[in-house]
């Protein structure tokens, strides 16, 4: 089928000459080059591979079981997230089956103080489900045309996480942190433009509800003439997180003077911020500064509590990638044995509670505690480092004091 061109044979599929390829395989009146063979082989392998289901078939208890391996505490939030994610991907899996009923998307809002595990929950979910995951900071977002990131940049991050596989990205998870920082400045509409508050909420509305967005693959503002990638956000799960400092006061004010039983309950637990946040209603979020349309598109709301000493201690030792296991492995790389006694770990947890930084503060304390040993591992006697409570107190005290001279 392929004739000699000036005495040279060519591939019957791609048309490349014999001199342009590494190998040309001859058949009855046809030829195929090594490049086309490799391409065909890849196609056959991909088609023969069983469809990757990821975690789509996991039931809520199974999802929570995996979350338990990485996230300590926050039992109610893990249960809420497991059900929300299960329902979301069940909806996707049966999208071609159910025609008479259209099931809406259930985006999620996580309310909790810094270091309570909001980001870790979202990241672990993406790992469980084996779907592309992107994380964004709401404080960097502005309306289109202003200095800052466009909303489309979040979708670009998801595309990058999916290696620009649009179909995979359209089933991914986007976590937007610090969403409480884009609350509008007051409940009343302002005559001035709020480009980083209400303006961002307005820009996010269509994206989180479901629309076809034009995403610039190289970023929107520096390359205005590039080709855009169309991405449908109907099936992207959005998870929002924020500390919402001051929300508990709004909840208390709403319930002051209402039902005696509820008010008594609120007063009883007034010192436990997490318990108060359990009573969050959409109207409280609107009062805080989220616009009603935005709140309406996030039907699943759950709160995470501030972590106590016992939970922080468990975080140090129990997760698959706990800090104790991480630092033990780091020291093993220098042929050193690292040991902590329980009193030392409890002291570290106590310091984290005092700093009010939650689980995020544990690493900073551990870094400070082990700094000298990591700086000069050869100075460790007998190839062993044993950390006790007295060492924790001494090191943290010296770090908190000004050096003289």
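Each residue, glycine too, has its Cβ placed from N, Cα and C.
Feature list (source: Swiss-Prot):
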- 11, 14, 33, 36: Zn(2+) binding site (BINDING)
- 113, 114, 115, 116, 117, 118, 119, 120: ATP binding site (BINDING)
- 1-52: domain 'ClpX-type ZB' (DOMAIN)
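Features per Swiss-Prot, on structure.
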| residue | record | DSSP class |
| --- | --- | --- |
| 11 | Zn(2+) binding site | coil |
| 33 | Zn(2+) binding site | strand |
| 113 | ATP binding site | coil |
| 118 | ATP binding site | helix |
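Confidence for the domain 'ClpX-type ZB' (1-52), expressed as mean pLDDT, is 75.
Put plainly, the binding-site residues 114, 116, 119 were compared by Cβ crowding within 10 Å, and the winner is 116. Annotation for the binding-site residues 11, 14, 36, 120: lowest Cβ count within 10 Å of the residue's own Cβ, 14. Sorted by the number of other CB atoms within 10 A, the binding-site residues 113, 117 start with 113, the lowest.
Residue 33 (Zn(2+) binding site) is 61 Å away from residue 113 (ATP binding site) when you measure Cα to Cα.
Apart from the site residues 11, 14, 33, 36, the chain places the Cβ of 12, 13, 15, 16, 21, 24, 31, 32, 34, 35, 37 no farther than 8 Å from the centroid of the site's Cβ atoms, the recorded Zn(2+) location. Comparing residue 11 (Zn(2+) binding site) with residue 120 (ATP binding site), their Cα atoms are 52 Å apart once rounded. Comparing the Cα of residue 117 (ATP binding site) with the Cα of every entry in 14, 33, 36, these being the binding-site residues, the smallest distance points to 36.
Note on proximity: of the binding-site residues 114, 118, 119, the one nearest residue 33 (Zn(2+) binding site) is 119, by Cα distance. Around residue 33 (Zn(2+) binding site), a 10 Å sphere centred on its CB holds 24 further CB atoms from the protein chains shown. Around residue 118 (ATP binding site), a 10 Å sphere centred on its CB holds 26 further CB atoms from the protein chains shown.
Long-range Cβ proximity for residue 115 (ATP binding site), meaning a same-chain Cβ under 8 A and a gap of 6 or more residues, is found for 307, 352, 357, 358, 359, 360, 361. The ATP site is set by 113, 114, 115, 116, 117, 118, 119, 120; from the centre of their CB atoms, other residues of the chain with a CB within 8 Å are 112, 241, 304, 358, 359, 360.
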